[in-house]
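Here the structure comes first, spelled out in structure tokens, and everything after it is commentary.
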Ligand code: DQA
């Protein structure tokens, strides 16, 4: 592997960040989140492959690809966190360190958001730190992968 690559995955409706329920998700756009994640990764010598999709299968395809050419995964599965055994299984199969990020603190919200199938696979879960959570994820992965 020539480039030290991280996969950044953002799930459904996160393409609407900036205008989607800003009182919950803030005003930072997905493009800005992808940029800040890439910038943080570059500080540690990593490049980021950023993938967004509203479709479960496309997210699974991206995770499967990461098995071959990425060293770690940062994922905000959005609503699929609470529903998708298939995405959790893809993350398990990837056999890479996974950090799950949520902009909002899902545990302070509706009951149905309190359970995440993907959290059972992630080594680290960051919820409620807003866009900064993505930077925390990069910093943690960089240290984890240095070991
Ligand atoms: C989210 C929380 C999820 O419950 C929700 O469905 C999202 C975004 C977050 O980043 O806070 O779409 O993952």
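Backbone N, Cα and C define each Cβ position, glycine as well.
Automatic prediction, not curation, is the source of TrEMBL annotations.
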Candidate sharing the substrate site with 82, 89, 103, 104, 113 (per TrEMBL), from 54, 76: 76
Residue among recorded positions 102, 103, 113 with Cα closest to the Cα of residue 20 (site 'Transition state stabilizer'): 103
Distance from residue 25 (active site, proton acceptor) back to residue 89 (substrate binding site), taken between C-alpha atoms, in Å: 27
